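Pulled from TrEMBL, these are the features on record:
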type	residues	note
DOMAIN	6-225	domain 'tRNA methyltransferase TRMD/TRM10-type'
BINDING	Gly114, Ile134, Gly135, Asp136, Phe137, Ile138, Leu139	S-adenosyl-L-methionine binding site
Amino acid sequence: MSFAASVLTLYPEMFPGALGLSLAGRALEAGTWSLEAIQIRDFAADRHRTVDDTPAGGGAGMVMRADVLAKAIDHASPPGDKRPRLLMSPRGKPLTQARVRELAAGSGAVILCGRFEGVDQRVIEARGLEEVSIGDFILSGGEPAALVLLDAVVRLLPGVMGNAVSGEEESFENGLLEHPHYTRPQEFEGRPIPEVLISGNHKKIAEWRHAEAEKLTRERRPDLLGGTPQPLVK
Ligand code: SAH
């Protein structure tokens, strides 16, 4: 079973973009996942192919029309399509590694990319769109957010990452930020690699990494320690 992504956008040329390269690009070529970028404008009814209009109640900017978006969504996701319908939105639930894992375990996603001031509230309700945010900042459009979400999902698909273990020890996977990394040379500008890492003592190394991960998490993201982190060392 492969992961099927359908992205609704005013800028289909932005896809696959960065996802056409490296791990995601190879997986796309191999058929591990598929991507269709659908031009929302193709579902506009008038000859100017209008997709937006002025906000009801007044104010700056434009709003994407519910009727046009509904047609595009119904085309991408006909009745019976079990894939979640996501709307990239700064008002959405912040994306987490847990949600990314859930998505990667499913059959795909239909992703609507907003532009302008956003989309008419009625299509969000009528089509059951799940609003997803990639952080507390405002992008000019949902496309970069969709690329971020898909990048995070695709790397978890079976066979995409060479070394499966590295996925499980990553930041957030065990409720902690990851420990620091080192590689050759042994000494860089007077800074040696911490001795324990060249000791060959795997138990000590695991303990050191866990302690570093905890320290880093306490310093930078104490919010992550509110839950019950899984121990890194088995
Ligand atoms: N007026 C809106 C912002 C619109 S930005 C507000 O204040 O909430 C235009 C589009 O970019 C949005 O519709 C959304 O699709 C996308 N976007 C912007 N910031 C985003 C974020 N942090 N996460 C996900 N999508 C975002």
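Quick reminder: no glycine exception, Cβ is built from N, Cα and C everywhere.
Curation does not apply to TrEMBL; its annotations are automatic.
All features noted in TrEMBL, drawn onto the structure.
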residue	record	DSSP class
Gly114	S-adenosyl-L-methionine binding site	coil
Ile134	S-adenosyl-L-methionine binding site	coil
Leu139	S-adenosyl-L-methionine binding site	coil
Sequence-ordered binding-site residues from Ile134, Gly135, Asp136 with Cβ under 6 Å of an atom of ligand 1: Ile134, Gly135
Among Gly114, Ile134, Gly135, Asp136, Phe137, Ile138, Leu139, the record's S-adenosyl-L-methionine binders - longest CA distance, Å: 16
All-chain count of other Cβ atoms within 10 Å of Asp136 (S-adenosyl-L-methionine binding site): 7
Other CB atoms, at most 10 A from the CB of Leu139 (S-adenosyl-L-methionine binding site): 17
All-chain count of other Cβ atoms within 10 Å of Ile134 (S-adenosyl-L-methionine binding site): 20
Greatest C-beta neighbour count within 10 angstroms, which of the binding-site residues Gly114, Gly135: Gly114
